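Asks: My structure is below; once you've seen it, I'll send some questions.
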């Protein structure tokens with residue numbers, strides 16, 4: 001299959017989820033404070049529907065995408081699943097870099113990170129295609145067996 005679960009990967013999955021829970025607990029106060037800071041004291045404006053109020057409401061979801069990408073990456077046993085896991089994790093990191101939409105510095109950093117990430121994805125696909133061209137396999141275990149067999153013949 002595309003993913004391989006073992007005791008080691010499960011223990012690292014638990015470790016990553018614990019680290020993610022700690023990160024969400026340590027950073028949960030800031031997005032909430034930022035969302036409610038724009039509320040005024042007038043009773044008619046209790047429900048403020050500015051876009052700045054809901055600016056960081058997707059923060060826990062983005063962190064979850066990053067964690068899921070990391071756990072998929074650790075248990076991937078195929079070049080295709082490895083690439084998809086890296087892309088899932090990197091898309092979350094792109095969104096996290098551009099979380100403050102009104103900041104020009106944040107938008108510039110996110111766009112630069114996205115362009116460099118696209119370039120690195122091209123290199124990952126190039127390397128994966130070269131591995132597939134030489135071996136005819138996308139499974140990492142099969143590539144390892146083929147490489148060790150070729151080394152044994154030398």
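Along the chain as shown, the residues are counted starting at 1.
The backbone N, Cα and C atoms fix where each Cβ goes, and this holds for glycine too.
Unlike curated records, TrEMBL annotations are generated automatically.
For reference, TrEMBL lists these features for the protein:
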TRANSMEM  14-32  transmembrane segment
TRANSMEM  53-73  transmembrane segment
DOMAIN    76-145  domain 'NADH:quinone oxidoreductase/Mrp antiporter transmembrane'
TRANSMEM  79-99  transmembrane segment
TRANSMEM  111-133  transmembrane segment
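Would you situate these features in the structure and describe their surroundings?
Replies: Listed as Cβ neighbours of the transmembrane segment (53-73) (distance under 8 Å, sequence separation of 6 or more from its ends, same chain) are residues 3, 12-13, 16-17, 20, 23-24, 27-28, 30-31, 34-36, 38-39, 81-82, 84-93, 95-96, 99-102.
Residues 79-80, 82-83, 86-87, 90, 93-94, 97-98, 143 of the same chain lie 6 or more positions beyond the ends of the transmembrane segment (111-133) yet place their CB under 8 Å from a CB of it.
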Asks: Residues of the same chain, at least six outside the transmembrane segment (79-99), with any C-beta under 8 angstroms of its C-beta?
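Replies: Non-local partners: 2-3, 55-56, 58-59, 62-63, 65-66, 68-70, 72-73, 106-107, 109-111, 113-114, 117, 121, 124-125, 128, 131-132, 138-140.
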